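Student: According to TrEMBL, the feature compositional bias 'Polar residues' maps to 80-90. The compositional bias 'Basic residues' annotation in TrEMBL covers 131-141. Residues or ranges marked as compositional bias 'Low complexity' by TrEMBL: 142-152. The annotation domain 'YDG' is assigned in TrEMBL to 237-383. What TrEMBL records for 458-519 is domain 'Pre-SET'. What TrEMBL lists as domain 'SET' is 522-657. Residues or ranges marked as domain 'Post-SET' in TrEMBL: 667-683. Here TrEMBL flags 80-152 as region 'Disordered'.
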Amino acid sequence: MEHHFGQDTAPASGSFDKTRVLNVKPLRTLVPVFPSPSNPASSSNPQGGAPFVCVSPSGPFPSGVAPFYPFFISPESQRLSEQNVQTPTAQRVPAAPISTAVPINSFRTPTGAANGDVGSSRKKDGTGTGRSKRKPQKKAKAQQSGGSVSADVDPDAVAADILKSLNPMVFDVLNQPEGSRDSVAYTLMIYEVMRRKLGQIEDSNRAANSGAKRPDLKAGAIMMNKGIRTNSKKRIGLVPGVEIGDIFYFRFELCLVGLHAPSMAGIDYIGSKTSQEEEPLAVSIVSSGGYEDNVEDGDVLIYSGQGGVNRDKGASDQKLERGNLALEKSAHRGNEVRVIRGLRDVQHPTGKVYVYDGLYKIQDSWVEKAKSGFNVFKYKLVRLPGQPQAYMIWKSVQQWTEKSASRTGIILPDLTSGAEKVPVCLVNDVDTEKGPAHFTYIKDLKNLRPAAPVESSTGCSCVGGCQATNFDCPCIHKNGGYLPYSAASLLADLKSVIYECGPSCQCPPSCRNRVSQGGLKFRLEVYKTKNKGWGLRSWDAIRAGTFICEYAGEVINNARVEELGGDNEDDYIFDSTRIYQQLEVFPGDTEAPKIPSPLYISARAEGNVARFMNHSCSPNVLWRPVIRENKNESDLHIAFYAIRHIPPMMELTYDYGVVLPLKVGQRKKKCLCGSVKCRGYFC
């Protein structure tokens, strides 16, 4: 149901004149005071911008991570940070040490938290302050068992190795004064690689009874301190390189790309000069369910102010200060406010997905009593017309799922005829074509041949499933001492070959080292594109590093490839020998992954959803060879994973690669991917 709140609409029942409860203060009096036992005066230093509305900057932080902007920063470290952003890597000045007067707390993730939401999960100590006692940091210590090594690895050293492997052009892009689509993509990819690698290391070092650490905060802090970010200057309106509909799984991602600076507070604002005084103006808000917001209307958001009612102790009326004051001033000034909506993650229900829904304007504001009985501010924000759909796409998918609305253009409700656990619908809302050419749907490889003999082994004996801390597991040995997947089933690093448990292993199908063997988990649809034939996309958001599907079909030899690639024009052949550049950020990934023997798969007559993935010169999906041990041989499969976060209903594409050297007379196919980096052809 739509909500209409005009300027002259009477306040809701129980509300009253705001002037009776407002406590207006000039902006200069609103600078937060940070605790600093050794030098109380220093805590009043401004943070180089609008005050940051957040919990105390004493935490929560992971063990070993120093406070970072916007929690605490000195003018000198701010100057050095800005200098590093604009200076080539080799000439950068080391950041000045941050004051040790601000205590650093360890942080434990709430049970089941899959993403980066921060909750009140600090472990109580004997003082009742909610702070964890820090133990002295142990020196790096390696434990060897069966050839595997587990060590307390320094996060800065891990980050340094990742940054050394980057393509130098990445820093050239990040050093540009204005952000771009590339700078945003590079920043988020570096963050993802660093976060997942730190998580993989912590996972293998974690004792069975210890709580989960926060690699998302560690990775974010490292990148902030090193100036690896984009759009560092706050602004009103659109953020260069960030597109409406983009999704994020961690609040820190919003901060790194300049969409929303506070990593916890829901309102971001800047100071603006008007006449003789400076007043705050809101630049962005995050509506993620922490307050009593009304989010049912796709174009109207009723947003609750911050403070007071959500605190466990000392609940009180909200005051017109900080973020609330900024929203009130923006209502009078009429400036645009970016809105980020936090939604439930379907794949990890305890986590959140943050959707950038575009620009809104504040149309009205009032005060009313919340369920707690205390007064809260309410702001009515209306979405500006003419913007691409974002949140409404999620609403449409929800309605299709709940059957409250039908998906238009459906030809078949399940293209797989029950072969997959999750149905794949066939849709055409473009023209009258009734479907692709006939083929038989199969889930696996046909005529699978062993890739190559392997050293004698009977597989792992992990009856309950492989554990990251079991350094005797032979499957962990093959993957360099770590499990290749995180606890959330994400690809943990950029290894060119993945070794999964196979038929010889004693672990169950639910083992976390069998991710690509579980079939489809996303609600996919094969749909008719406007100019590229049939394509593939997902109803669900797909997180970076997530397994999507494998390439199923008939395994053929090179002679058969030559035959099918001639007169028959088989467009459904997967060729593992082609040259690819799947991740331009990392220049080492410019060739096909090294596998025991070439693999050719034809999905023309028999195949699965992978046969419908189109080529793109700027893909959002990559492939990796997956080797599963089968007695004394190895079975080779091709699995597809998300390169970056993919919003619902966005086409899934990968780079088909090229055959080198090009033969005389070899036919090149025109590329229609539409990317700004399109090569113009593929072959």
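Here the Cβ of each residue, glycine as well, is placed from N, Cα and C on the backbone.
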Student: Below 8 Å between Cβ atoms, which of the listed ranges 458-519, 522-657, 667-683 makes the most pairs with the domain 'YDG' (237-383)?
Tutor: 522-657
Student: Could you give me the DSSP helix, strand and coil counts for the domain 'Pre-SET' (458-519)?
Tutor: 8 helix, 6 strand, 48 coil
Student: May I have the DSSP-based helix, strand and coil counts for the residues of the domain 'Post-SET' (667-683)?
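Tutor: Output for the domain 'Post-SET' (667-683) reads 0 helix, 4 strand, 13 coil.
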Student: Mean pLDDT over the domain 'Pre-SET' (458-519): what is the value?
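Tutor: Reported value for the domain 'Pre-SET' (458-519) is a mean pLDDT of 92.
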